[in-house]
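*Asks:* Pasting a structure below so you can have a look.
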Amino acid sequence: MVFRKFPGVSASGMGLRLSQKFVFLLFLSGLVTLCLGALFFLPDSARLKRIFLSKTEAQPVTVGSENDAREQARKADAAKYKRRERERMKERVCDYNKIIGELNLKAHFCLLQMMKFAWDNYKHYAWGKNELRPLTRNGHIGTMFGGLRGASIIDSLDTLYIMDLLEEYEEAKDWVENNLDLNSNGESSLFEVNIRYVGGLLSAYYLTGNEVFKKKVLELGEKLLPAFNTPTGIPRGVINLGSGTSWSWGWASAGSSILAEFGTLHLEFVHLSELSNNPVFREKVMNIRKLLNKIEKPHGLYPNFLSPVTGNWVQHHVSLGGLGDSFYEYLIKSYLMSDKTDEEAKKMYYSALEAIEANLVQQSPGGLTYLAEWRGGILDHKMGHLACFAGGMLGIGAEDGAPEKKQRYLDLAGEITHTCHESYTRSATKLGPEAFRFDAGAEATATRLSERYYILRPEVIESYMYMWRLTHDPKYREWGWEAVEALEKHCRVEGGYSGIRDVYASAVSHDNMQQSFFLSETLKYLYLLFSDDDLLPLQDWVFNTEAHPLPIIHRNCLQRQNSLQKPDKTPAD
Ligand code: DMJ
């Protein structure tokens, strides 16, 4: 080995100097690494990270527990979304004032986070079960869907898709493709399976065009048909999807069927016929319609219980809350979904509305408009949370009312929505009770302990969304934002979102249930409330009662449908 000679330095001496230099350099590079590392971990290192990792966002690093990694990924997703939203905001011509504009952006971002949080927790602790129990962090199967599973997955498909949470949507779609088993035994509610599973799969198909949803929904539709095998064709409430046997709910008087159940099939069944080219689905619901149209109605009202054997009313309880609610909703929506050609549905809706106005619409001493319940001519001055959907229903139906009634219906829609908002503002949590009353001095407050709970229901927010679309009055967004804050404050727990037992107690007690309709309805309606009107425009879509969008069947149906259907998006889009 030849070393360059330096004066006065022996070969061995040079070797020594070199190794000293090497140690010194090693020490120096260590020092530099330490300094840089320290800069990165100093509390205010974000700015430096931006300088060093500019343009390409700081990558999520998978260190520590799986939770840390998920949290990192969530933050990265959120940042990506926020950037994209900011870009969109720049392009958008704002038609609302600056504050609402900012609120819109903040709310949108927040809702995406809420959906992701609800979904991630469901996925983590309850995957494949029907619902998440967020306190005990496990899954819930329940009794409503018989042997069917994955209610939260089916209910979330369209919400994930419209929120552009595409990786999550893909997970949901894969589950449907590989795990949704329709050959199940057990007691299923015809109504619940229809609004959640049939509605969820239909809207997923219409939004994405993915054939797997079409195949599954047609298979499921066939399995529901035996429920209609009764002397009148009015279906019974419960069906075993495996055996096809069906029966009435044990709690329904005299083996009756429930108005809100057999009256809430029309939209989905018409679409099943459209998709399959098999008229049988439409025939089943048209038969229900025919009977209801023909039967005598007390004061023009539709009672909640009807015998599937005789076709007569079983008792005279009328309500726009539970047991009756979505029947009225489906009348006006059938008309709208038919591109305003279904004149029979229109007539039935507006005559029912006349009867409701004459018999159920009331004014409280404090000036609040509400919808009372009717028991054989006697009024119960109570309004259920469920009945709060009526603000939205009256709103979307106003336009096609008789010319002299249009404004009246829109006003009534606003008044009912206002009353429902009042029921929220009068509680400690700013969330509304299951039912509120207007008697014994009560004004939109629950008077019974058993009616004080809130289970993440959507109806009040649903009405805010419709009223916003119809009037663009900023108060509806402000009220929606109040609901977001209340949900975050009182219903968010470490393992997801939970209902609460008493909206009037400031120290809340959670019910340990994240209902699937929270993902399908509550969060979707909030998201739409803060979106532009061209996201699922009301001229093109109707929402089923579980908030699953179904396309309006335009006269030139095929052409229209093709223009609505976007190709299945992928996470990379
Ligand atoms: C949902 O399943 C539907 O909105 C139904 O019409 C009523 N109940 C729940 C939400 O509260």
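Including glycine, each Cβ sits where the backbone N, Cα and C put it.
Positions annotated as transmembrane segment by TrEMBL: 22-42. What TrEMBL lists as active site, proton donor is GLU192, GLU434. Residues annotated as active site in TrEMBL: ASP325, GLU459. The disulfide bond annotation in TrEMBL covers CYS388-CYS420. Annotation comment: TrEMBL describes THR545 as Ca(2+) binding site.
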*Asks:* Give me the non-local Cβ neighbours of GLU192 (active site, proton donor): same chain, 6+ apart in sequence, Cβ-Cβ under 8 Å, ordered along the sequence.
*Replies:* MET144, PHE145
*Asks:* So which of the recorded positions GLU192, CYS388, CYS420, GLU434 sit close to ligand 1, that is, with a CB under 6 Å from an atom of it?
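*Replies:* Those recorded positions that pass the cut-off are none, since no Cβ is under 6 Å from ligand 1.
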*Asks:* So among the disulfide-bonded residues CYS388, CYS420, who's got the most Cβ atoms within 10 Å?
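*Replies:* Buried the deepest by this measure is CYS388.
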*Asks:* For the active-site residues listed here, GLU434, GLU459, which shows the highest count of neighbouring CB atoms within 10 A?
*Replies:* GLU459
*Asks:* Using CYS388 (disulfide bond) as the reference point, find which of the recorded positions ASP325, GLU459, THR545 has the shortest Cα-to-Cα distance to it.
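*Replies:* That would be GLU459, the closest of ASP325, GLU459, THR545 to CYS388 (disulfide bond).
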*Asks:* For ASP325 (active site), what is the secondary structure state per DSSP, taken as helix, strand or coil?
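*Replies:* Looking at the DSSP assignment, ASP325 (active site) belongs to a helix.
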*Asks:* Between ASP325 (active site) and the residue listed as 'Ca(2+) binding site', how far is it from one CA atom to the other, in Å?
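*Replies:* About 10 Å separates the two Cα atoms.
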*Asks:* Which whole-number value in Å describes the distance between the Cα atoms of the residue listed as 'Ca(2+) binding site' and GLU459 (active site)?
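*Replies:* Approximately 10 Å lies between the Cα of the residue listed as 'Ca(2+) binding site' and that of GLU459 (active site).
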*Asks:* Over all shown protein chains, what is the count of other CB atoms within 10 A of the CB belonging to THR545 (Ca(2+) binding site)?
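*Replies:* There are 26 such Cβ atoms around THR545 (Ca(2+) binding site).
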*Asks:* Reduced to three states, what secondary structure does DSSP give GLU192 (active site, proton donor)?
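*Replies:* The three-state answer is helix.
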*Asks:* Can you tell me how far the Cα of CYS420 (disulfide bond) sits from the Cα of GLU434 (active site, proton donor), in Å?
*Replies:* 11
